[in-house]
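Colleague: The structure under discussion is supplied below as structure tokens; questions concerning it will follow.
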Amino acid sequence: MTVKLVLASKSPFRSALLKNAGIEFSTASADIDERAVEAPLYESGATPEDVAQILAEAKAIDVSEKNPGAVVIGCDQTLSLGDEIFHKPHDMEAARRQLQKFSGKTHQLNSAVVLARDGKTLWRHVSIAHMTMRDLDAGFIGRYLGRVGDIALSNVGAYQVEGPGIQLFEKIDGDYFTIVGLPLLPLLAELRREKCIDG
């Protein structure tokens, strides 16, 4: 295949998912202010799914304009509990508060992936996972945060299901790749349709 693929993310985990799938690509960071993009969206009543898609698209478009001819993969994930939207916690106290809010409830992860070339969107997709946390007491939350440390601050929701964070959950409805922030199977299918990968 001669199409250059670029992942518009410096996330080592997203890179690892693509590498493990046998995809050849480079990475580049998008130059966008995510909070500035999403604030008016929420004010206008956009859903968390819409926001994830728009942010993924903004990243893909930005990087595609700087990489002529390349097909760029943009990704984003939002987490919502009812009408409340959550971001990565900025400190351990914020992580503790998030986990207390999620305790015994079902929140939603919205993972978007977009393909763009030369500033134009080729394809967009959003997958949703429903995550039900078990009832967590304050002592367990404190021990969990002590165990995972700064990993809690690098993830929306203060957890990684691929590590000790899985112990927080009672039930999960959704695809693993949606949960970790890159809907891989729909992405691979579209990359094959676009003749970007063999298939």
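Using N, Cα and C of the backbone, Cβ positions are placed for all residues, glycine too.
Feature table excerpt (Swiss-Prot):
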- Asp76: active site, proton acceptor (ACT_SITE)
- Phe13: site 'Important for substrate specificity' (SITE)
- Gln77: site 'Important for substrate specificity' (SITE)
- Glu162: site 'Important for substrate specificity' (SITE)
Colleague: What kind of secondary structure is Glu162 (site 'Important for substrate specificity') part of, going by DSSP in three states?
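Modeller: Looking at the DSSP assignment, Glu162 (site 'Important for substrate specificity') belongs to neither helix nor strand, so coil.
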Colleague: Using Cα coordinates, what distance in whole Å links Asp76 (active site, proton acceptor) and Phe13 (site 'Important for substrate specificity')?
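Modeller: About 13 Å separate the Cα atoms of these two residues.
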Colleague: For Gln77 (site 'Important for substrate specificity'), which DSSP three-state class applies?
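Modeller: DSSP call for Gln77 (site 'Important for substrate specificity'): strand.
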Colleague: Neighbour count, 10 Å Cβ-Cβ cut-off, for Phe13 (site 'Important for substrate specificity'): what number do you get?
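Modeller: A 10 Å sphere around the Cβ of Phe13 (site 'Important for substrate specificity') contains 14 other Cβ atoms.
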